[in-house]
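K.L.:
One structure follows; several queries about it will come next.
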């Protein structure tokens with residue numbers, strides 16, 4: 001077993017270039033199609049393994065209690081799946097990825113935790129071998145274990161490496177939110193009925209986020225505000241973060257200066273690889 005003390009890992013954000021919701025499965029989940037790419041917006045997790053047999057998690061922001069925390073759940077799933085006993089670790093999470101944004105911050109932290117545990121306890125285990133375990137923690141966790149831009153199907157666990165031409169991204173996050181349950185039960189949700197080929201290039205005319213209609217129907221004023229800024233803003237995941245892609249950084253910088261000061265915003269770059 002490796003002797004690792006206070007090892008730091010970066011935990012990156014993602015965006016969905018599109019998100020199509022398909023049929024409901026017998027297990028209650030929905031099949032989907034999406035294309036993930038990463039952002040250089042990232043959290044930092046520091047793992048200090050020890051012999052205490054205790055799991056301690058701290059952060060620079062208020063975080064969920066252990067039983068509701070995805071990092072803690074990742075540790076317990078790792079223990080159960082690989083029969084690793086008596087894990088002792090202190091984890092410090094420095095959060096930069098906003099929560100409740102659709103950027104996958106919590107899922108990314110969970111995936112980073114699986115990777116740190118693997119590095120310490122089972123270094124022979126590959127990232128790909130951990131994807132089935134990651135899927136048990138949530139639909140977005142597998143892509144962060146995979147670590148490469150990818151086309152995803154199933155509930156997000158069937159992944160095909162697919163690069164996306166690097167761009168700058170302007171992120172906008174309003175202080176509003178819709179629960180996942182509300183999205184799926186909304187009358188404004190129009191699910192996609194046709195599978196599209198993973199061999200397609202990025203085509204905004206047929207690739208969209210099925211959840212956007214729900215968000216716009218509930219918040220029409222924000223919808224209108226976005227369209228006035230630029231009609232190509234898109235929602236990632238279930239929001240509430242929207243992004244605009246461009247190869248022209250100056251264009252996005254100019255637009256950022258026009259954004260209402262009540263909105264959080266970031267100017268970042270897309271990444272095809274995070275490991």
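Backbone N, Cα and C atoms are what each Cβ position is placed from, and that goes for glycine too.
According to Swiss-Prot, the protein carries these features:
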- 14: active site (ACT_SITE)
- 98, 99, 100, 101, 102, 103, 104, 105, 106, 107, 108: ATP binding site (BINDING)
- 140: active site (ACT_SITE)
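Just tell me what is around each of these and how deep it sits.
P.N.:
Counting every protein chain shown, 28 other Cβ atoms lie within 10 Å of the Cβ of residue 14 (active site).
For residue 100 (ATP binding site), the number of other Cβ atoms no farther than 10 Å from its own Cβ, over all displayed protein chains, is 17.
Summarising the environment of residue 140 (active site), the number of other Cβ atoms within 10 Å of its Cβ, over all protein chains shown, is 27.
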K.L.:
Which ones, of the binding-site residues 98, 104, 106, have a Cα no more than 10 Å from the Cα of residue 14 (active site)?
P.N.:
104
K.L.:
Taking residue 140 (active site) as the reference, which of 98, 104, 106, 108 (the binding-site residues) have a CA within 10 A of its CA?
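P.N.:
Matched binding-site residues: 104, 106, 108, sequence order.
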K.L.:
Using other CB atoms within 10 angstroms as the count, which residue among the binding-site residues 98, 102, 104, 106 scores least?
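P.N.:
If we count Cβ atoms within 10 Å for the binding-site residues 98, 102, 104, 106, the smallest count is at 98.
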K.L.:
Excluding 98, 99, 100, 101, 102, 103, 104, 105, 106, 107, 108 themselves, which residues in that chain have a Cβ inside 8 Å of the centre of the Cβ atoms defining the ATP site?
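P.N.:
Output for this site, in sequence order: 13, 97, 237.
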